[in-house]
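Chemist: This is the structure I have questions about; it appears just below.
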Amino acid sequence: MQNKGKQSILEKIKRPVDPKLFIKEIDGLRFLAILTVFMLHLNNYVSRSVGRNFNAGISDFFSWDWFINRFGFGVEIFFAISGFVISLPFLRHYMYHEKKTELKVYYRRRFSRIGWPFLLSCVIFYTLYVVANRLSLAGESPHLFSAVAYVHTLIYGAWAPFNPVTWSLEAEVQFYLIAPFLIGFIFSNHSLMLVKLLGLAAAAIVVRALFLDDIARLHLDRTVFVFLPLFLSGFLLAFIYLRHNDFLLRKSYVWDAVAAAVFFGMLWTTYAPNRTAFTVCCFVFLVAVFKSRLLNRMLTHKAVYVLGGMSYSFYLLHYPMFYLFGKVFGQHLMWSESYVANYFTHALVFFPLTILVASVFYWVVERPCIARKRNVRLRAANGFAGKLNVN
């Protein structure tokens, strides 16, 4: 009975998508990505609360700081996932002559899906930020308006003070704007597809490596242009998923070893000025998620992929929530002389509470936006009939 009740709850909160188009691995990846982001940002909070420099040991391979600070790559996994998800319907058109997605429909879906949860979270946390710091509501309003317009990092060259993690959503929106044109350029001619895709990725990597200081000075260091190779890796995975689905279906324990190796590779190359190695490791890891046995089994567990489907709400709320919970619990969780022990004590308290609060936000705010988007897409989705499915 308990299992049935648990399954019923998971079914009720599961992201409302057409079963024919649902890919467990992608939502499982979202869970892994948000978990690494949680771990990184909790470290930032706990370090600040004890006056510790969380970057102090970032170059020491044997230190906690070397390991935990590299978990920021969870955001970059999200970028690759976006490349995969956004490109799929367009690739179905170019590869299988499915009905072409109209641009106005595409943009409406995208912004109705992410816009309202983002706007509401910004207003809530901006208000709390202003009240907690006794600032002027009107005086700080440019930060709010630029954030909800997805241009805060472009204007200020820094993240929004009331919720720093919104910078990555600005990069996502920039990608949404240009994605249809990139996909059309790359995939309209199949014979040159790989040349165009790899050429664009290489050009973006070279420009970033050569002009990093200039890019930062122009406030472009957190934009889609810097992270373009990761979005493009999602394009390539989508192509493989559609054209070589049988390859992804053939699973092996060897790919678990590959996944472990390239996961470490992502840690090792996270801060490298040249992003070639990191991008390759990220792409291979995405493939390994499909082809592995143990990792695939873990990420396609129902509880994992259901929580992964709520990752947008988790991402929007987690950073400010850590600080709000810190106000409540204060020093009560600092029981040990070991920083790492205190960190995991915070994790045991903060992570479940954040998931609980964010799940309510997801149910009340985000899920209705997804359901509305799904109703618009049902007719188009039925046309593909789920003939390519790795579930």
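In case you wondered, yes, glycine gets a Cβ from its N, Cα and C as well.
From a predicted model like this one, the values you see are computed outputs, not experimental measurements.
I grabbed these lines from TrEMBL:
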| type | residues | note |
| --- | --- | --- |
| TRANSMEM | 21-42 | transmembrane segment |
| DOMAIN | 24-363 | domain 'Acyltransferase 3' |
| TRANSMEM | 71-91 | transmembrane segment |
| TRANSMEM | 111-132 | transmembrane segment |
| TRANSMEM | 194-212 | transmembrane segment |
| TRANSMEM | 224-242 | transmembrane segment |
| TRANSMEM | 277-296 | transmembrane segment |
| TRANSMEM | 303-323 | transmembrane segment |
| TRANSMEM | 343-365 | transmembrane segment |
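Where in this structure would I find these features, and how exposed are they?
Modeler: Sequence-distant contacts of the transmembrane segment (21-42) (same chain, six or more residues past either end, CB-CB distance under 8 Å): 15, 68-69, 71-75, 77-78, 81, 84-85, 165, 241, 286, 289-290, 296, 298-301, 304-309, 311, 314-315, 318-319, 322, 343, 346-347, 350-351, 354, 381, 384, 386, 390-391.
Across all of the domain 'Acyltransferase 3' (24-363), the predicted model scores a mean pLDDT of 95.
Under 8 Å from some Cβ of the transmembrane segment (71-91) lie the Cβ atoms of residues 26, 29-30, 32-37, 39-40, 98, 101, 168, 171-172, 175-176, 179-180, 183-184, 187, 227, 230-235, 237-239, 241-242, 266-267, 270, 278, 282-283, 285-286, 311, 315, 380, all in the same chain and six or more residues away from its ends.
Listed by sequence, the residues of this chain that lie at least six past the ends of the transmembrane segment (111-132) yet keep a Cβ under 8 A from its Cβ atoms are 140, 143-144, 147-148, 160-163, 166, 169, 172-173, 176, 312-313, 316-317, 320, 324, 361, 365-366, 369-370, 372-373.
Beyond the ends of the transmembrane segment (194-212), by six or more residues, the same chain brings 182, 185-186, 221, 225-226, 228-229, 232-233, 235-236, 273-276, 279 to within a C-beta distance below 8 angstroms of the stretch.
Under 8 Å from some Cβ of the transmembrane segment (224-242) lie the Cβ atoms of residues 23, 76, 79-88, 91-92, 95-96, 171, 174-175, 178-179, 182-183, 186-187, 193, 197, 200-201, 204-205, 207-208, 215, 248, 275, 279, 282-283, 286-287, 290, 388, 390, all in the same chain and six or more residues away from its ends.
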Chemist: Same-chain Cβ contacts of the transmembrane segment (277-296) under 8 Å, 6 or more residues past its ends?
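Modeler: Distal contacts: 25, 28-29, 73, 76-77, 80, 84, 201, 205, 229-230, 233-234, 236-237, 240-241, 247-248, 250-253, 255-256, 258-259, 262-263, 265-266, 269-270, 390.
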